[in-house]
There are 2 protein chains.
Amino acid sequence: MKESKENAVISKATIDRLPLYYRTLKLSQEEGIEIISSDELGRKIGVTPEQIRKDLSAFGEFGKKGVGYYVRELMRNIGEILGLNRKWNIAICGVGHLGWALANYANFSPQGFHLQAIFDIDPDKIGRYINEVEIFHVSRMKEIVTERDIQIGIITVPMEFAQSTATQLVEAGIKGIWNFAPIKINVPDTIHVVSEDLSVGLSSMSYYLSRQNG
Amino acid sequence: MKESKENAVISKATIDRLPLYYRTLKLSQEEGIEIISSDELGRKIGVTPEQIRKDLSAFGEFGKKGVGYYVRELMRNIGEILGLNRKWNIAICGVGHLGWALANYANFSPQGFHLQAIFDIDPDKIGRYINEVEIFHVSRMKEIVTERDIQIGIITVPMEFAQSTATQLVEAGIKGIWNFAPIKINVPDTIHVVSEDLSVGLSSMSYYLSRQNG
């Protein structure tokens, strides 16, 4: 596995499916499933078994023909590929309801994402804590990001402040931005941006309900 | 287009990519782009041009060879396929920070999703309004869902109440559930469930940052 992992050229589409594989394997493991076929895994995620075999073959040999994938082993391997065995320090920018909800989100930490700081501009919020993490004024961003070795910034500020927040995060030395504001932010190519649009989930639902109701 | 649209058997993976196409086309349109190639569209979304051509061919002919896709036309067609030209009534169950954030989320309504009711059990919240939408006690769910013709329920209650809320929604007559609780909910096969895991966005980020930092 080591060889192919390092040398393979892997498409972004494959990479974007890996977290879904990881998550589905984790749920399967919690249900007590030890071995899973690509058919079964595909059915749960909504991709074809061929797609799964193709995706996973880019990284090496994970399954046994006619048997399936060993859930725990495959999960550990995908987690390793995704870098989930590493520890990532994250910061949230903007303490509205969404920022607050993310600060309380239980599923980040088990996957290696550790909230180290929260930034806002509201004097009433500065110095307060959410889940034992302090809220700092944005003017201290560079200092705190450096000091706490924060690699990922999450943008949950109102849309009109998203670009300036992104620029500040980049200047502070952040490597990746997870943007919840519904606009495209401009940052240097070296910064990896993931844009979240919460309405995407509803849109695919709309398709299925349209079909169902005729 | 009408013919192929009705008769085609379309994979779930394709359906799940359509909202991404729609969203990217919308952003392109806002940037003033009128024609887009499958190369360019693929680059923005992170799938191969072949995948895009394959996905869209399932629905009919949208592009001009050697020219590209007409952004506005393709957007309208995908919107139609997704049922976004229809009006969907939605309800939010659970007014924590996430429920509150979703109730304020600006991007639902332009896509045809209209928040009609919010449910909670906290007496301090019942009767209050978020963005002109009333918060009702869950005991009134069936009555309100019927009266306001609500088709989609969003679950933002704490994990331990997610299953009972799902059961209540189904009994109230809902057709689709968008579940933010990090557990698998059990509902009849006729109900379409979309599960949201907010940590998926961070996981693919982790992959890219791992590679970048060596």
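Cβ atoms here come from the backbone N, Cα and C positions, even for glycine.
Quick look at what TrEMBL annotates:
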- A:20-59: DNA-binding region (DNA_BIND)
- A:83-184: domain 'CoA-binding' (DOMAIN)
- A:G94, A:V95, A:G96, A:H97, A:L98, A:G99: NAD(+) binding site (BINDING)
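On the structure: features taken from TrEMBL.
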residue : record              : Cβ neighbours (10 Å)
A:G94   : NAD(+) binding site : 24
A:V95   : NAD(+) binding site : 24
A:G96   : NAD(+) binding site : 17
A:H97   : NAD(+) binding site : 20
A:L98   : NAD(+) binding site : 25
A:G99   : NAD(+) binding site : 25
Could you give the residue numbers and ranges of same-chain residues that sit at least 6 residues beyond the DNA-binding region (A:20-59) on either side and whose C-beta is under 8 angstroms from one of its C-beta atoms? 1, 4-5, 8, 10, 14, 67-72, 74-75, 77-79, 81-82, 84
Suppose we call a site close when its Cβ is under 8 Å from a Cβ of chain B; which of the binding-site residues A:G94, A:V95, A:L98 are close? A:L98
Residue distribution over DSSP helix, strand and coil in the domain 'CoA-binding' (A:83-184): 34 helix, 29 strand, 39 coil
Checked against DSSP, the composition of the DNA-binding region (A:20-59) is 28 helix, 2 strand, 10 coil
